[in-house]
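Student: One structure is given below, represented as structure tokens, and several questions about it will come after.
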Amino acid sequence: MSDLVVTALRFGFLILLWIMILGIVTAMRRDLVIGNRTKTGTPSARQVRRHPELADEQPPAQRIQARKLVVVEGPLAGTTLDLAASPILLGRAQEATLVLEDDYASGRHARLFPQGSRWFIEDLGSTNGTFLGDTQLTRALPVEPGAPIRIGKTVIELRP
Amino acid sequence: MSDILTTPKSRRNAELLLLILALAVGVGANALAGLDQDKGFSRDFYVQSLTLAILVLAVHVVLRFRAKYADPVMLPIVAVLNGLGLAMIQRLDVAMDPPTTAAARQLMWTGIAAAVAIAVILLLKDHRVLRRFTYISLIISAALLILPLLPGVGMELNGARIWVNLGFATFQPGEIAKITLAIFFAGYLSTNRDLILLAGKKIGPLQLPRWRDMGPMLAAWLVSIGVLIFQRDLGSAILFFGMFMAMIYVATSRVSWVLIGLVMIAVGGFMAFKLFPHVTARIDGWLNAFDPDVYNRAGGSHQIVQGLFGLASGGLTGTGLGQGRPDLVTFANSDMIITALGEELGLIGVSAIVLLYLLLVSRGIRTALGTRDAFGKLLATGLSFTLALQCFVVIGGVTRLIPLTGLTTPFMAAGGSSLLANWLIVALLLLISHAARRPAPPAGLAGTHPPAGRPGRRRDSEQARLAAGAGEGEQR
């Protein structure tokens, strides 16, 4: 085989290698578009201009800071807990911050954690699930003061 | 830890297209390397190309059935890397005098690895099951790490005691241990994150953890030092500790853990440099590589300098596959396969390979971002970070950025245990990415059924209550 052909094949192979990389990046491109289903983000100014109904949400400056956690229903009803800057573990386990005496709660049921100026609730793979209002948690969601969090038969709320 | 959502869509057809391209690269590399041999394509060429194609397409078909929404680019990247590695090993086999048979063994291990990956995808279905095996994986990891030290089973090769003799083949259990350790770290950290997060002293802007929460970090450090002392394996020691450091940082998002870890590495590294002659020799061979004394010493810098000469003779475009002399480097087909490829494909080819690794790792991290459960996030991060760290340690080592240590280039280097472990990692990442990308169960469904009304769940909770009651009885 002539030298010319071998050289052409050599460079052709390097080009093929880079075509492969371009192909992969092209296949990834659509995946890099982040869906607009993230509920925690605030709408941008441009989105508000296009959809005025989005502006109805409370501006972040007026948000009431939660300072207390109150057990509203369940065996521990009436218990309150002051919120500091550290996360709170909810469950029946002894090391939990709030030890729930609730047969329908798991050992490590859920955690409340602060991020920015808000508190988020996250289920820790509990048997019976954690409910914020009527929806069962599938991922961490922000908790507004006054919104009921249900764990088994216990209902807790954040209070300002 | 954040959630990023994309519209669920199975991308298996895109994967198939990329796979065909990937096989073209792998087979093309093999063909180009064979062109120079002047005797047409040997039987080996057809056997290797066909086997690789069948294996990779089999994994693809299994993904179509069992993990429809898995990431579409991971498998093609693995196919390219595996194909390139196989072609280079075959090419080095032919160049050796007398010819060696590393390529046939590598092909056999590729088959085993792909079969195990298929089995994992078929049997596991959901990665969250692994969380139940948190402490069992710790025990398995410990057993795997101790195995090479046992007399009779373990064997020493090239100064490191990391091999186990199975009779028909040798195996490095440490390669599998990195997966079981990742499972343990992910399970442990996702459960105990809140305890570790409790605040301790504060120095300036830095929030230090409490002293008693340093236990796990200290344990990971001791395990790594143990690997370094007893197995004399610097690479694995760095790998285990680096993986734990990355995972604890991702779990807690506290920079102080990384700083504490770096201090521990500095202390451990300095002690190792002073106390262990094999570490001292490695660092000497790195700093004074071109010193004639060091170059000519047994176990000196001969290997790394030959590799650098190879890279230099490759230049920008390389000598062309099959036309360089990468066989002059010791362990050209395992430790030094990157310099072998760099010599024959040049900077352009090697940067493509590094980019492929980068894309693979970025897909792994992307999987972690998309997964909904904390365990999956941590596991995906840990596994992808392992791949990244391996690449950094090996490629950094052969290019003399850091001291050369004995880790393998994932998917490329000749070596069955490494191939098997890395295919397993990819199988797990594919499963996690399937869980991350598949459509979420509609939220309305969960809301309409209160948990106590679900018979299956109810029974679970009652069993849990019974178990808890029994536990309390024991305590009294």
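Positions of Cβ are set from backbone N, Cα and C atoms, glycine also.
TrEMBL entries are annotated by machine, without manual review.
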Student: Of the ranges B:10-35, B:166-191, B:374-399, which one does TrEMBL list as transmembrane segment?
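Tutor: Feature transmembrane segment in TrEMBL: residues B:374-399.
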Student: Can you work out whether the transmembrane segment (B:345-362) touches the transmembrane segment (B:75-92), with the criterion being 3+ CB pairs under 8 Å where the paired residues are 6 or more apart along the chain?
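Tutor: These two stretches do touch.
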Student: Do the transmembrane segment (B:45-63) and the transmembrane segment (B:133-150) come together with 3 or more C-beta pairs under 8 Å, pairs six or more apart in sequence?
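Tutor: Counting Cβ pairs under 8 Å (6 or more apart in sequence), the transmembrane segment (B:45-63) does not reach the transmembrane segment (B:133-150), since there are fewer than 3.
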Student: If you count Cβ pairs under 8 Å, which stretch among B:75-92, B:257-276, B:374-399, B:411-432 touches the transmembrane segment (B:107-124) the most?
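Tutor: Answer is B:411-432, with the largest number of Cβ pairs below 8 Å.
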Student: Decide whether the stretches the transmembrane segment (B:75-92) and the transmembrane segment (B:411-432) have at least 3 CB pairs under 8 angstroms, with pairs required to be 6 or more apart in sequence.
Tutor: yes
